[in-house]
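Taking it in order: structure first as structure tokens, then the write-up.
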């Protein structure tokens with residue numbers, strides 16, 4: 001063999017060796033990451049049941065102090081939370097020492113201060129479990145049980161970006177009225193034999209109060225995030241106009257995602273992938289009302305998109321509002337870890353997991369069976385959407401690695 005031929009052959013062999021090595025290393029890294037995703041999923045499934053037990057391992061700390069220490073830029077609570085049951089038990093049993101109208105917004109809520117100084121947001125029951133909210137996907141009152149279900153779905157998806165929520169029954173006459181501010185107390189009334197209130201908000205009306213069953217009102221309580229983590233509000237790039245006949249740009253511009261990718265904070269960092277995670281989360285719960293979102297202040301796009309205010313969800317199990325998925329099908333990217341988790345949850349696992357996770361809540365059953373069935377059907381639509389993307393662009397473009405190390409020091 002001539003020298004020139006030998007050199008060419010050696011060069012070809014070297015290129016093959018290099019590509020083989022790179023391919024094997026990439027595959028090993030991916031396999032290791034996938035195995036870790038599988039282990040994380042198994043740990044989550046093993047800890048689905050949350051017993052509301054008042055006992056704490058950290059006897060020198062209150063449940064509020066423990067929950068406050070969980071919060072970091074990329075999650076509200078850690079993967080392993082042996083004290084979660086104790087914190088949620090405190091949320092549903094601690095004495096209410098003050099009650100006021102809710103923070104500004106469009107929907108009825110009350111701000112409660114629990115023993116120990118912890119703030120929680122109370123959302124009252126407005127609908128029976130089997131009530132179907134007709135009309136636009138964002139129609140109707142807030143659903144308190146939707147907040148509970150959304151929190152547990154956040155756990156199951158492995159996002160850990162939703163504040164803690166638990167159901168609670170309160171006696172309006174003995175627990176709320178004696179500690180209510182004049183502003184809140186002025187909105188109380190009696191309708192028949194039921195105690196009611198209508199609060200203060202954009203859509204709050206004296207003619208549309210929330211009423212207890214006698215004096216006992218069912219609702220949800222959401223744990224207020226620590227004041228040391230102030231929030232910053234952002235307009236959602238895929239928000240709706242809420243005006244008949246006027247479309248948002250994303251509703252008619254097929255290249256809209258390309259424009260979003262050129263603007264801060266979506267041009268770098270994890271925020272765009274958070275938007276897509278949130279679109280998946282919102283599609284599963286039927287929430288078409290995320291016109292704004294919150295992150296921690298001064299984060300330059302590095303902190304998480306916090307999954308606040310999920311009560312416009314689980315309104316109509318028969319309505320699958322595909323436009324909620326626009327960030328996913330327009331950008332055609334998704335985190336590998338999210339993709340793996342969604343695949344672990346197919347074949348009925350999602351419905352079973354959520355039903356199990358909510359079974360110990362004080363207001364259980366939290367969702368009706370049609371809503372649970374809808375989750376599994378919507379999951380199939382999400383998986384099909386990602387497959388369309390991978391068929392068009394290839395998995396290397398669509399499936400994005402974004403695994404950030406989290407610190408709880």
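FYI, residue positions are counted from 1 along the chain as it appears here.
The backbone N, Cα and C atoms fix where each Cβ goes, glycine too.
Features reported for this protein in TrEMBL:
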BINDING   107, 123, 222, 223, 224, 225, 294, 309  ATP binding site
BINDING   142, 309  Mn(2+) binding site
DOMAIN    188-395  domain 'FAM20 C-terminal'
ACT_SITE  289  active site
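Within the set of binding-site residues (107, 222), the lowest number of other Cβ atoms found within 10 Å of a Cβ is recorded at 107.
Sequence-distant neighbours of residue 223 (ATP binding site) (same chain, 6+ apart, CB under 8 A from its CB) are 67, 87, 91, 118, 120, 163, 164, 165. In sequence order, 107, 108, 109, 123, 126, 311, 312 constitute the residues six or more apart from residue 142 (Mn(2+) binding site) in its chain with CB-CB distances below 8 Å.
The ATP site in the record is lined by 107, 123, 222, 223, 224, 225, 294, 309, and its two most distant CA atoms lie 20 Å apart. With a 10 A radius on its CB, residue 224 (ATP binding site) counts 20 other CB atoms from all the protein chains. In sequence order, 105 are the residues near residue 309 (ATP binding site), counting only same-chain partners six or more apart with C-beta under 8 A. On the 0 to 100 pLDDT scale, the domain 'FAM20 C-terminal' (188-395) averages 95 in this prediction.
Taking Cβ-Cβ distances under 8 Å and a sequence separation of 6 or more, the neighbours of residue 294 (ATP binding site) in its chain are 231, 232, 233, 234, 305, 306, 308. Residue 222 (ATP binding site) and the residue listed as 'active site' have their C-alpha atoms 19 Å apart, to the nearest angstrom. Here the Cα atom of residue 225 (ATP binding site) is found 21 Å from that of residue 289 (active site).
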